[in-house]
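Visitor: One structure follows; several queries about it will come next.
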Amino acid sequence: MHLADFLAGSVGGAFGVAVGYPLDTVKVRLQTQTGYSGFWQCVRKTCRNEGLQGFYRGMSMPISTVSISSSLVFGTYRNILQFLHQLQHRSAGEPHHKAHIFLAGFTGGVTQVLVMAPADIVKVRLQCQTEPVQHISQESSSKYRGPVQCLLRIARDEGLLGLYKGSAALALRDGPSFATYFLTYNTICEILTTENQRPGWPVVLLAGGVSGMCGWAVGTPMDVIKSRLQVDGVSGRRYRGFLHCITHSVRTEGSGVLFRGLTVNCIRAFPVNMSVFAMYEAVVRLLR
């Protein structure tokens, strides 16, 4: 078992959250709320009404849990890939089959949903909870006062299954997204690296950034549905389930709604995943 990949994925994931969280908040608000006309208007309105802290709502929960989920993604990916490689009796020096990379990435993405779902719903609900900066105090009338209270409130009001609301969409987002993510990263590194050599740092940074953008291009439609299901019920219920959320959203807002936040996702994805893979490769090379 490749334990180094679990640790490296954990470090890389936590670092990536810290880099990309402000843009993630903007993305979630664009996907779930109708009061914003576009990216820059959302940024200006958030900054004006809530201050810089408005971009970091709910960050403590994902920064602590993404390290676990990212560890699962990278660790599962590497070990499944190695298993498939050995299953076909391929030698250690042979390049991995593209189908194996895709399948291993898909498995890694789906595996981390059990850990990711509760933290993600807390993150999304806190990000969507807007409050003027001058009113932020212990006497705040906000429904959720912080990550832990939000987690407990959801479990109390909606049951433990409420913490997994939108998890089907999350799995359908992360499976194909991580499959594309790892396949793109490996393909770029393979093209730009001399055979039997480790990719240089410029290649790692480029491949990491591009793979993140490609992964989000694939995952954004399910990301929109996931976010809408997660905030549904906070102030009235609109959707009866996963399929109804898709059909209702497309019917009332057009098919373009499924790509709402795509630009923000791609802008955020490049520096975030450049950082993730840089930290991942650094830790793996240190431990091996």
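The backbone N, Cα and C atoms fix where each Cβ goes, glycine too.
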Visitor: Between 40-57, 58-75, which stretch does Swiss-Prot give the note transmembrane segment?
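Guide: Matching range for transmembrane segment: 58-75.
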Visitor: Could you tell me whether the transmembrane segment (101-121) and the transmembrane segment (257-277) have 3+ CB pairs under 8 A, leaving out pairs under 6 positions apart?
Guide: no
